[in-house]
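Noted in TrEMBL for the protein shown:
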type	residues	note
DOMAIN	7-222	domain 'Sulfotransferase'
BINDING	16, 17, 18, 19, 20, 99, 107, 207, 222, 223, 224, 225, 226	3'-phosphoadenylyl sulfate binding site
ACT_SITE	16	active site, for sulfotransferase activity
DISULFID	208-217	disulfide bond
């Protein structure tokens, strides 16, 4: 009685915003099934040309009362993804998880830093990438990805605001349940995720998941310590994002506790 369904909900981003944590936590819900990997269907041309059936075949099997969710954080910043997703399903519900833009930049750098170390490639200090000739390097991809207003504008050309639910990534990590209950309501699902589904792992410094009699934590690559960043550089980033954040708050009729 199961079949593979095209997702009724997609976590569209943002990279290093907490997309994996959100997906794993939603997977607790009996009415949700999740795709195992990031599919990159709508943002990578070489996948998109393979067609919708190729996409469907990457989805898990589900029952009629279950919602299929996939997450690819690259969608949010992709110029093509909003239009392509709209072409597939104009009434789809989208989940966007965001965190403080400066924190997100540092987290983005941290991931690349560890990947380069593991691949025995040379690494640069955060400050040396972010500052060029004494000024902020606004062309740095990690900074571009944190311009939430710029990217959101593209999504709002294709989808109404009530189709996009924004999850506060900073809150999700500190206190998961209220954020997940908001998602349950947005998806019109019965309330099934409970506080007993989470426990705080002192060693990792974040919440882990308890469901179906087993416990699991996010991969060790998550929650890695960030480098200590020079306070002058931090201030430059805060000040650069301030106007973009204010514009974003106006766009979505909601403000966040960001610098």
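Glycine is no exception: its Cβ is also placed from the backbone N, Cα and C atoms.
From a predicted model like this one, the values you see are computed outputs, not experimental measurements.
Sequence-distant neighbours of residue 16 (3'-phosphoadenylyl sulfate binding site): residues of the same chain at least 6 apart with a C-beta under 8 Å from its C-beta are 73, 99, 104, 107, 108, 111. All protein chains considered, the CB of residue 226 (3'-phosphoadenylyl sulfate binding site) has 13 other CB atoms within 10 Å. The two recorded residues, residue 20 (3'-phosphoadenylyl sulfate binding site) and residue 217 (disulfide bond), have Cα atoms 11 Å apart. Calculated from their C-alpha atoms, the gap between residue 226 (3'-phosphoadenylyl sulfate binding site) and residue 208 (disulfide bond) amounts to 20 Å. Model confidence over the domain 'Sulfotransferase' (7-222) is summarised by a mean pLDDT of 95. Note: the Cα of residue 217 (disulfide bond) and the Cα of residue 224 (3'-phosphoadenylyl sulfate binding site) are spaced 13 Å from each other. A gap of 13 Å separates the Cα atoms of residue 208 (disulfide bond) and residue 18 (3'-phosphoadenylyl sulfate binding site). When the binding-site residues 20, 224 are compared by the number of other C-beta atoms lying within 10 angstroms of their own C-beta, 224 comes out lowest.
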